[in-house]
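Reviewing the structure listed below.
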Amino acid sequence: MLDAKLIKANAALVEQQLEKRGLSGVLKPFLALDEERRKILVQVEERKNFRNNSSQQIGKMKKEGLNPADLMEEVRQAGQQIKELDEELARVEKEIEKILLNIPNLPHESVPVGEDEKSNQEVRRWGEPRQFNFEPQAHWDIGPALDILDFERAAKLSGARFTVYKGAGARLERAVINFYLDIHCGEHGYREILPPFMVIADCMVGTGQLPKFAEDMFKLEGKDMYLIPTAEVPLTNLYREEILEAKDLPFYLTAYTPCFRAEAGSHGRDTRGVIRQHQFNKVELVKLCEPQNSYEELEKLTKDAERVLQLLGLPYRVVVLSTGDMGFSAAKTYDIEVWMPGYQDYREISSCSNCEDFQARRANIRYRPDPKAKLQYVHTLNGSGVAIGRTVAAILENYQQEDGSVIIPEVLRPYMGGLEKINRPEA
C-alpha cells in the first residue's frame, strides 16, 4: 500500500509514476475523499470546541443562578452532531483505505517503461541451448511416453490444469524440492519454514493478492480463508503486525509448499503440460530487510534462484520486467526464463521482486533502526527458488534422448537413489 502522506504531498509525481504502469486518474477519488475527510475533521473539531467551551459556560451560569437549559440543549445537539460526523468519517476513511488497497506499487526508477512484456529488457544469459540431432519433444509428450506424467487421469480426478506424477516422475519432483531446499539453506543462508497452506484474508491483503485479485484465488466456502497461491503469503505474513529488531535483519526465509491458483485470466493459455496449473509445487524465497539494503538483496536473491538452474545445467536468461508487465506489489522484478526445447523458447521459471515497503505497510511490519529512532517499515522481497513442475518439464525437455529416455542431472542422482536415466517402459 502506498503511503497516503506521500500521495498528498507529491500527488502529481505519484500520478506520473502510476501512468508508467498504464493507470490514469486513479488518484482523483482518493484526493476527493481525503478533502472530504479533512472537512469532516474540521467540523468535528469545531463541534468539540463548542461543546467544551459551552460546558464551562454552563458551570458558570449555574453558579450565577442562571438557567442554562437552552445552552445545554445546544451541547446535546453538538454531541449528536459529533457522533454523526464520526460515523461519516469512518465511512470516508474506509473508502480511502479501499482505494489505497487497489493502487499498485510505484515502479523503481531503473524499471523500463512499457505497456507489456514486449518492453522487458534482457539482462544476461547463462548456458547454451542444446543442439539436438533429432526433433526434440515437448514435456507433455515425453512424460506420458515414460509413464511418469498422467494428464488424462488427473483430468478424471480434478478436471483441467492438474497433473498426476507417477513412479520416477513423482520421485523426480521430490528430488528437485529437496535439492532446492538443501542449496538455499546450506549454501545461501535461508531458514526453512513449513507454513500452513491456508491463510486468513488479512494475510492475502498484506501481500497484495486481495482485494484486487480475489477471482484468481481459491476461497474456502463459508470461511474467511484462502488456499495459498504462493508461499510468499505465509512467509511474509509470519511477521504481520510485529515490530522487529534491526539487529535481527535481514531475514532469509524459504519454504516448499503446494500453490493453488484459479488462473481466472488465463483461459486458453498453456492448456497443455505443467506450465500453468491450478495446483503446483514451488520453493519460495522471501527476505525482510532494512530499506537501504533492499536492492542489493534483490540482486542476491536473483542470483540464488539462478544458482540452482546452473547446478542443474539448464540454460536460462534473466529479464527485467517493464512497468506494464510487473506484478501489483512489485517495485522491480527480474524474471528468470529457462530454455524449453519443446517450445523453442525461454519460459518463465522464477520471478524475483523487491516490493520495498508496499507489503510491509499493508501488513504493518516495522522495525526500529536504533533505540531512539522512529519506527520504520521493513522492505520485503520474494522470488521463486524455483517452480518445481516447470523445473521437471525443463529437465525432461533439455535432457531427453533420441530413444525417448531422459538423463537425470548429476546433482539430482543422490536424491533419486543413484538413478541415472528414466527409460521408457518395456512394451
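Heads up, the Cβ atoms here are built off N, Cα and C, so glycines get one too.
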Have a look through SER110, SER119, SER384 and flag the one Swiss-Prot assigns to the L-serine site that THR230, ALA231, GLU232, GLU284 belong to.
SER384
Restricting to the binding-site residues THR230, ALA231, SER384, which ones have a CA within 10 Å of the CA of ILE349 (ATP binding site)?
SER384
Once near-sequence residues are set aside, which residues in the chain of GLU348 (ATP binding site), 6 or more away, have Cβ atoms under 8 Å from its Cβ?
ASP335, ILE336, GLU337, ARG390
Which of these binding-site residues is closest to GLU263 (ATP binding site) if you go by CA atoms: THR230, ALA231, SER384?
THR230
Work out how many Å separate ARG261 (ATP binding site) and THR230 (L-serine binding site) at their Cα atoms, rounded off.
9
Provide the number of Cβ atoms within 10 Å of the Cβ of ILE349 (ATP binding site), excluding the reference atom itself.
26
Between SER384 (L-serine binding site) and SER351 (ATP binding site), what is the CA-CA distance rounded to a whole number of Å?
6
Which whole-number value in Å describes the distance between the Cα atoms of GLU232 (L-serine binding site) and SER350 (ATP binding site)?
13
